[in-house]
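**Student:** My questions will all concern the structure given below.
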Amino acid sequence: MNVLTNFPYQHVLVLGLAKSGTAAANVLLQNHIQVTINDGMATLEDATVQKLQTMGAELVLGSHPISVLDGKDLIVKNPGIRYDNVIVEEAQRRGIPVISEVELVHYLTNQPVIGITGSNGKTTTTTLITEMLDRSNVSVKVAGNIGVVATEVASSLQSDEKMVMELSSFQLQGIDQLQFSTAVLLNLFEAHLDYHGSFENYVEAKCNIFKSQNKHDYLIYNADDDNVSAAIKTAEATKVPFSSSRPLADGAWMDDDFLYYKDEKIIAIRDIVLVGKHNMENILAAIATAKLNGATNEGIVQVLTTFSGVKHRLEFVGVINGRYIYNDSKATNILATKKALAAFNKNVVLLAGGLDRGNTFEELIPYLHHVKAMVVFGETAGKLKDAGVAANIPVIEKALDVQHAVEVAFALTDEQDTILLSPACASWDQYKTFEERGDMFIQALHRLK
């Protein structure tokens, strides 16, 4: 196990357990740091809490008294707890540093750490980079907002291994010294404003991914995104751009037929399994990152000719009875469904609907021109039907749920057509999670084989 090195704190408050708080408390206790755990929901009946108490943690459960800050010199905050929380605000007033669990990686390993962030595409890009390195026989472990908690991975990282981390703005706001050997900034648009308070604060949190980098590190960035280009001006790292719109002498780019890294042709677009312009951007970022970290062209091509997407994110399910099936259940908002529709150019049957958050769907209308039929379901079925009528879609059917929508869609399609589940809505009117909705979609498909 790797130990905390040059860790200057003696008595740490872990605020909020869940996965990241539990992992942080474990690492701190194993390194003989005094730990107090404060969680409003956990109880002494919880086996995890009992284990941490046995290891020596002091427990303050069920409430958040200000007194938990007394004698503490560091707060490790669960990413889900906002900075306007009364404990966090008081800690900052007292000058006590507040970090997220991922910052502990700085004290646990000197191995290269690759960090990926952005408003969209993080999981797909992180997965692509990890797979490209693995197929190129580069030892790598994935962590962060995807996979295993970062401190758990860093604690066991070997001297020949690299670490790849997906990072949210919540996590990045709580880092200070963690240095990424390669940082990836995919895109920036308004998101999580309820948490950060403003777009400027959100961008500032995202930019923490490169604030500790120096000229020996790499910053992979989207040269087509004006917000990104403005944000990285102060970065000290060696900047490596990617673009889906123009050639680049010093980065990853594409034309109508091929993807390139600098002047090197990597792969024909027709050979790539993933679809969609947004996925081409993710792939370009992954290629640049992988090449800089030892990936071979052979390894990169192996991944791109077989990788069908992260589950529920415009995932290619397969060809069933001649129909091409895509599961984009993660599309819980209109923007995501617009991007999914833009990935196809003809003969799409769209399955959409879900929780009604008060949205109208006029924004979708320009993206429905190649949709031959819609199957709508859930609370928003009526609103989506109105959008379909406005787009002159010839056939619009209403289904009871996703499973029923699959049956209806097959009756409306011919061989070579595409069936796309991209709901444009959250799932909570009928399903617990978007994952459950996607799984029900796939199960219904398999029953038709």
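Glycine is no exception: its Cβ is also placed from the backbone N, Cα and C atoms.
Keep in mind the model is a prediction, meaning the values are calculated, not measured.
Dumping what Swiss-Prot says about this protein:
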| type | residues | note |
| --- | --- | --- |
| BINDING | Gly118, Ser119, Asn120, Gly121, Lys122, Thr123, Thr124 | ATP binding site |
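Walk me through the surroundings of each of these features.
**Tutor:** Gly121 (ATP binding site) falls outside any helix or strand according to DSSP and counts as coil. Long-range neighbours of Gly121 (ATP binding site) (same chain, six or more residues apart, CB within less than 8 Å of its CB): Leu186, Asn187, His278, Asn279, Glu281, Asn282, Ala285.
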**Student:** Tell me the Cβ neighbour count for Lys122 (ATP binding site), meaning other Cβ atoms within 10 Å of its Cβ, over all protein chains shown.
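**Tutor:** For Lys122 (ATP binding site), the 10 Å Cβ neighbour count is 23.
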**Student:** Report the residues of the chain - excluding Gly118, Ser119, Asn120, Gly121, Lys122, Thr123, Thr124 - with C-beta within 8 Å of the mean position of the site's C-beta atoms, for the recorded ATP site, in sequence order.
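**Tutor:** For the ATP site the neighbour list reads Ile116, Thr125, Leu186, Asn187, Asn282.
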**Student:** Starting from the Cβ of Asn120 (ATP binding site), draw a 10 Å sphere and report how many other Cβ atoms land inside it.
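**Tutor:** The answer is 19.
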